[in-house]
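As given in Swiss-Prot:
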- 14-34: transmembrane segment (TRANSMEM)
- 46-66: transmembrane segment (TRANSMEM)
- 90-110: transmembrane segment (TRANSMEM)
- 134-154: transmembrane segment (TRANSMEM)
- 167-187: transmembrane segment (TRANSMEM)
- 218-238: transmembrane segment (TRANSMEM)
- 258-278: transmembrane segment (TRANSMEM)
- 303-323: transmembrane segment (TRANSMEM)
- 377-397: transmembrane segment (TRANSMEM)
- 411-431: transmembrane segment (TRANSMEM)
- 446-466: transmembrane segment (TRANSMEM)
Amino acid sequence: MVGPRTRGYAIHKLGFCSVVMLGINSIIGAGIFLTPGEVIGLAGPFAPMAYVLAGIFAGVVAIVFATAARYVRTNGASYAYTTAAFGRRIGIYVGVTHAITASIAWGVLASFFVSTLLRVAFPDKAWADAEQLFSVKTLTFLGFIGVLLAINLFGNRAIKWANGTSTVGKAFALSAFIVGGLWIITTQHVNNYATAWSAYSATPYSLLGVAEIGKGTFSSMALATIVALYAFTGFESIANAAEEMDAPDRNLPRAIPIAIFSVGAIYLLTLTVAMLLGSNKIAASDDTVKLAAAIGNATFRTIIVVGALISMFGINVAASFGAPRLWTALADSGVLPTRLSRKNQYDVPMVSFAITASLALAFPLALRFDNLHLTGLAVIARFVQFIIVPIALIALARSQAVEHAAVRRNAFTDKVLPLVAIVVSVGLAVSYDYRCIFLVRGGPNYFSIALIVITFIVVPAMAYLHYYRIIRRVGDRPSTR
């Protein structure tokens, strides 16, 4: 679609089909390669249902984010939504925790990449399973951060290359797995789906991991859905480019369900093929790329792992570029010190990059590089946004402010879906076993506890102090709206 003209040139905005493709590419990442083993172990033969539930929830929250973008035109960030609805007091916390969450997400991705790389490059060594602070795995992690910094020095061109590389890698790996897997299933009449029962064990349901209520399929499905949701992360960013889209009010609410449905269909096909090839092998595998464990042919298995590795590398490059910019955006708006936004001669915000990289390394170290716990943390950390943004949308829909007067209200997307998102988000959040974050081998994990307190309490508190100190210095009063 051609938009308005600027200096004689037509501005081409993203049409409906482009928005759908953007959504699909934003969601499909490393998650589908990494999560099947844990999901099968938690849900057994009901593992596909966990991905269906995760997809439905992702679709609901994505539509909530897209609807909020109708009221806030500046950008699609959760920081902007909550600031517009509740003022800086709430917006600052959401903005800071969003930056922290992005840093954690990058750390999880980097941990997965390093583990996979060590397994592929050194299959005879146990380096990929190391839990110690000082290990080959930690050194490789630091080296990988250095490589990502070097790539960042090349600027946007390198990021475009990384996105293209990631897309090619994941498309090739998934296509090869599905086509090759179906060929094996049909020609050799393979059906190992029922072996999922041997991998399944009912998980106790406990509120916050403390008060145990019962043990059964429901509790297992709740935890499996949280893990499966990691494969859908990225859906919350679909609406970020709303200003670049043609008629986002009309196209986003239609495009997002199609994108989620398409991704869900791909995931279900991939998971079904994997479970038919060998559910028990996937669940029992110690490899990072769980899907490959179902394949008996070594060459075919290597192709899938390398494709996933290429995909993870590209995603890490993009994360290393985007996550530090969240800190610089907060610094530019006065929430954080301006030195966080200072860039070197290569246009890299070194202070923000250092903060992001430190958090990216700290959390995997605190959780001993445990893939299941890292996946859960990456999802749970996002629930701050998943709960507050729907509340912000309800407030924006009720607002009588002039800037929101022209927005056409819709009771279903403005009230019903946000309420559903809030209820489900709270339900999943309280279902998570937080002991895996705060405890290690039965005792307190002081490293992890200190990190959580510093990142989610101390850092936001410092941001508030800095912001209000700046306000007092200029002699203005902060908005409480």
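Glycine is no exception: its Cβ is also placed from the backbone N, Cα and C atoms.
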Most Cβ pairs under 8 Å with the transmembrane segment (167-187), selected from 46-66, 258-278, 303-323, 377-397, 446-466: 303-323
Same-chain residue ranges lying at least 6 outside the transmembrane segment (446-466) that approach it to Cβ under 8 Å: 89, 92-93, 96-97, 100, 330, 335-337, 359, 362-363, 365-367, 437-438, 440
For the transmembrane segment (218-238): best-contacting stretch of 46-66, 90-110, 258-278, 377-397, 411-431, by Cβ pairs under 8 Å: 46-66
Per Cβ pairs under 8 Å, the stretch of 46-66, 134-154, 377-397, 411-431 packing most closely against the transmembrane segment (303-323): 134-154
Intrachain residues whose Cβ lies under 8 Å of the transmembrane segment (377-397), provided they are six or more past its termini: 61, 64-65, 67-68, 71-72, 78, 81-82, 84-86, 90, 94, 97-98, 100-101, 104-105, 108, 226-227, 229-230, 233, 236, 363, 367, 404, 409, 414-415, 417-419, 421-422, 425-426, 428-429, 432, 434, 437
Outside the transmembrane segment (411-431), six or more residues from its ends: residues with CB under 8 Å to it: 57, 60-61, 63-64, 67, 205, 207-208, 219, 222-223, 225-226, 229, 253, 380, 383, 386-387, 390-391, 393-394, 397
